[in-house]
Amino acid sequence: MDYMLNISTNITRKILETLWNYGCDLFLNEELADHVNFKLGGKVPLFAIPNSTNGFIETINLLNKEGIEFRIIGRGTNILPVDEPLPYVVVSTERMDDVFVDNEKIQVGAGLSFKKLCLVALENELSGFENAFGLPGSVGGAVYMNAGCYGWETAENIVEVVAFDGKDIIKLGKNEIGFGYRTSIFKSEKNLIILQATFKLKKGNKNEIYNLMLETMKKRYEKQPLEFPSAGSVFKRPRPDFYVGTAIESLGLKGFSIGGAQISEKHAGFIINKGGAKAEDVLKLIEYVKDKVREKYNVELETEIEIWK
């Protein structure tokens, strides 16, 4: 006899068995805190990890067919889930991590960590990701938000993205992806799910690439609070000449806390979980910073992180 795991998601035993047959690892009533860098957030009724791209597509097809709401997660580095139980299924791309190198091109699955992608480039003496080394998150997440750092953006090296639109597998060229500052078509077209990405690099000297990557990591450790759970830079830059971290620091807010959430003492653009933080603490701190920046600079800040409700 079928039972309901959660009335709001209509997940029956039959659906669970079908997902299992698709090759998914399934975790019931799973804590999202175990899957996001912030180490906080509520439970979801089901957390599914397909073991292949085909299994992933079958999973999405089934959830769509059954009318079950879902979210996609990569490495969880840019997500802030609220504290309350969330009513949707979460599907992970983490095992969609295939890599294929063809001369100066690298095709990878959306779930591959960007750090591993950088190491693949290094191993194959390909230059272009030196400033991206240590970028947290998955390839899919980087493409989704056009992640960037130290003057580099994901869009620079993208050639093509393979996506699933809920019916068909489609290919999008660079000019069709709608890249902008921390955005892409995938943010507005929620039915489009990134499966693979192809990057174009150029041949370089392995030692030079390695040394530049080390320099990038050194800068990260010196300037970012990597020793604490966080979701990276919290706010988008509202305009090219407005540095959010500098503005927050000018307000004397470095080290300011609400509950377990704190504005980093190392970089004011980061909010960290200094221990026992709730999502509510982080959200209150975000609003506090927005208010203070608005009062002093007449600038409206937007969050770079994704807030899951």
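A Cβ is built for glycine as well, from the same backbone N, Cα and C atoms used for every other residue.
Annotation comment: Swiss-Prot describes 40-204 as domain 'FAD-binding PCMH-type', evidence class sequence analysis.
As annotated by Swiss-Prot, active site applies to Arg182 (among others), with the evidence given as sequence analysis. According to DSSP, Arg182 (active site) is assigned to coil rather than to any helix or strand.
Under the three-state DSSP scheme, Ser233 (active site, proton donor) falls in the strand class. The annotation active site, proton donor is assigned in Swiss-Prot to Ser233 on the grounds of sequence analysis.
Around Glu304 (active site), the same-chain residues at least 6 positions away in sequence with a Cβ under 8 Å from its Cβ are Asn78, Met145, Arg182, Gly232, Ser233, Val234, Phe235, Lys236. Annotation source Swiss-Prot lists active site at Glu304 (among others).
Confidence for the domain 'FAD-binding PCMH-type' (40-204), expressed as mean pLDDT, is 97. Each of the active-site residues Arg182, Ser233 was scored by the number of other CB atoms within 10 A of its CB, and the lowest score belongs to Arg182.
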